[in-house]
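Pulled from TrEMBL, these are the features on record:
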- 1-95: domain 'Chorismate mutase' (DOMAIN)
- 95-271: domain 'Prephenate dehydratase' (DOMAIN)
- 264: site 'Essential for prephenate dehydratase activity' (SITE)
- 283-360: domain 'ACT' (DOMAIN)
Ligand SMILES: C=C(O[C@@H]1C=C(C(=O)O)C=C[C@H]1O)C(=O)O
């Protein structure tokens, strides 16, 4: 390609960038107008709601449907995710608490869902994320809820039993783990490997094959593991890209998770009810009396009404020995007439039924 051709193309890019810049600014001004209209139409004492997850899901879906390439749908949606995040921050910067410290997969999930224009606050434990949201110190919290290799995150499920929270969204993240070492690590004399228990479990076979005799030490998070390695010459950490970057560690081995599709699902928790988008999920907690056929009775209404159950999990109820609660996720919104009637049928048989929230299915 000649210099001449390159120069012409760069001029074209400059002129396109000017148009993109102007259009983004116009979009941002529109978002400011939306804020003005929302404020003007408030009733006495009503609190304005700036963040609309159902609208954001629709915007991203529309972008993906209309995208003709060459950028892929996910890539394009990611760019629009950031534009919306910045536009919303003009209306109101969201405050989001997540399971920290900085560099955790939960932080990456928070950024994937809300974009980078949020004020994010790392918390030391899942329960603290719930408490921070309940106290009103942040608008939303982000917590892991299940992993495709290791199953439920029980701390999160149990926290739902203790706090009144509304689930406002979900996001899924592919989890890639690396074996990380610091500048001073003697790589041939590694005697301990730090990571979160979930990550150690997700890499169990790889560790058995490559480091069978090395001590595996579970710490509070992958980011904490990465932090420890920085100051030790004989240890390594299993963690992801964010933690590696944050603590300046290098990858001794990449993508060491046992299952290549290893993914974690995260929930956004808050106090805001989300209206239907037409492609939603609902999460409920149900406790049934301890008698034969109780689980069957719970599931029949879903089957009879053709409602797709996406997940069912059992936890001790904490209100009696050997009594249980069921966490159930299914397709649909609790305001859909069909879902409403299913929930009514269940509540007739159940000891207790609580809708944790209906929210758009993960778009990104
Ligand atoms: C602009 C709005 O407010 C926020 C910003 C959005 C955007 O930038 O597209 C979408 C939904 C809201 O989170 C709106 O409610 O439409």
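Just so you know, glycine gets a Cβ as well, placed from its N, Cα and C.
Here the structure is a predicted model, which means the values were calculated and not measured.
For the domain 'Chorismate mutase' (1-95), the number of residues in each DSSP class (helix H, G, I; strand E, B; coil) is 71 helix, 1 strand, 23 coil.
Across the domain 'ACT' (283-360), DSSP classifies residues as 24 helix, 30 strand, 24 coil. Around the Cβ of residue 264 (site 'Essential for prephenate dehydratase activity'), 23 further Cβ atoms fall within 10 Å across all displayed protein chains.
Per-residue pLDDT, averaged across the domain 'Chorismate mutase' (1-95), gives 95.
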